[in-house]
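Before any comments, here is the structure.
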Amino acid sequence: LQAMSDNEQDWLALRPQEPSASQCCGSGCKPCIYDVYEKELAQWERAKAMQDKSLLMGKKDQSNNSELNPDTFTAFSVSSVEQLTEDTYQYKFELPGNSSLRLSLGQHIVLRGVVNGLEVQRAYTPISPGNAEGYFEVLIKCYEAGLMSQYIKTWKKGDVVFWRGPFGGFPYRPNKHGELLMLASGTGLAPMLPILQSITDDEEDETFVTLVGCFPTFDKIYLKPLLQDLARYWNIRIFYVLSQETSLGKLPWSYQENTYTGRLNEDLMKTIINSCRRRPFVLICGSSAFNQDMSRYLKAAGIEENSCFVF
C-alpha cells in the first residue's frame, strides 16, 4: 500500500499546474496559456493511465534554441536598453546569427516574468520590422504599480528573458486599402510601425496612411526621429494629438501645423476623416477606454465596424 501512495505522490508532483489569472495576458492568444495547460493535462492523464513517465518527456515549458514558438517559452538575451521617456523604454533582443522572428504584420509576442514568486504574462508587439535580422525590438511602458513593470525595470544588457508567440496580427496586403487611418494612443504605436515600414519599403505599395498619435505632451511622443523619417514619404501623414498641452507655441515649428491640443474627440475625428484622400480603413490600438471611444467616434463619422480593426 505504501508503494502505491508513493507512486501516487510521484504522479501528483508531475501533474501540470493550472494557470492563475495573472498568467493570462488577455490578448486572445492561440494557444492561450489555458490551452497549453489543457494539452499538458491530457498528456499527463494519458501517461498516468499507462503508468509511463517517459510519455511526459516531450513536455517542455521553455527552450533555449532561440526559435520563437507559440507553445513554449524561448530564452532571448537583452542586447540594449534605451529610455525614451520617463516611463517608456525600448528594449533590443539578440537573435542568433542573422535569424529573424518572421512575424506577420502587427503580431504580438507574450513575455513571462516572475515577481515575488508570482508568474505574470503580458503581450507586447515588436516595433522592429518582422524580417529584421539578428535582433528584435519592443517598446514597453512601465507603470509604477505594475507587477510586470517591476520585473522589466530590472532588465539590463545580457539578461535572459522568456517570450512565446507569435499571435494575432492584422492581415495586411499591399494596395488592398486605399488609405489606412491609424489611431494610436501611447505604446499603441507599436503594431502600427511594422505596417508603416512595410508600406514605405515596398515601392509597389501605394496605400495612403494617416497616423494619429495620441500622447499627453510633446516630450512624451516616442520615437520622434523614426516618425519624422516616415512622414517624409509622399503617402504618409502623421498627426499628433496632445491631451495635456495647452498651446502649440512651445512646439518646434515643424510640428505645429500637424499637432492638435486637447483630446481626440468626435469633431476632430470627423475633421481628420474628411481630410483623408480616400475612404479609410481604420486600425486602432490603445487602452480599452481609448479603443471604445475611437469606435464610437468612428461610428458617428459614418465608418462601419467592418472597416475597422482593433489590436
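Cβ coordinates come from backbone N, Cα and C, glycine included.
Caution: TrEMBL annotation is automatic and unverified by curators.
Database features (TrEMBL):
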DOMAIN    71-173  domain 'FAD-binding FR-type'
BINDING   Arg122, Tyr124, Leu139, Lys141, Met148, Ser149  FAD binding site
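The average per-residue pLDDT of the prediction over the domain 'FAD-binding FR-type' (71-173) is 88, rounded to a whole number.
Close to the recorded FAD site, the chain also has Leu111, Val138, Ile140, Cys142, Gly146, Ile152, Thr187: residues not among Arg122, Tyr124, Leu139, Lys141, Met148, Ser149 whose Cβ is within 8 Å of the site's Cβ mean position. Of the residues the record lists as binding FAD, namely Arg122, Tyr124, Leu139, Lys141, Met148, Ser149, the two whose Cα atoms sit farthest apart are 14 Å from each other. For the domain 'FAD-binding FR-type' (71-173), residue counts in helix, strand and coil come to 6 helix, 51 strand, 46 coil, using DSSP. One residue stands out among the binding-site residues Arg122, Lys141 for having the most other Cβ atoms within 10 Å of its Cβ: Arg122.
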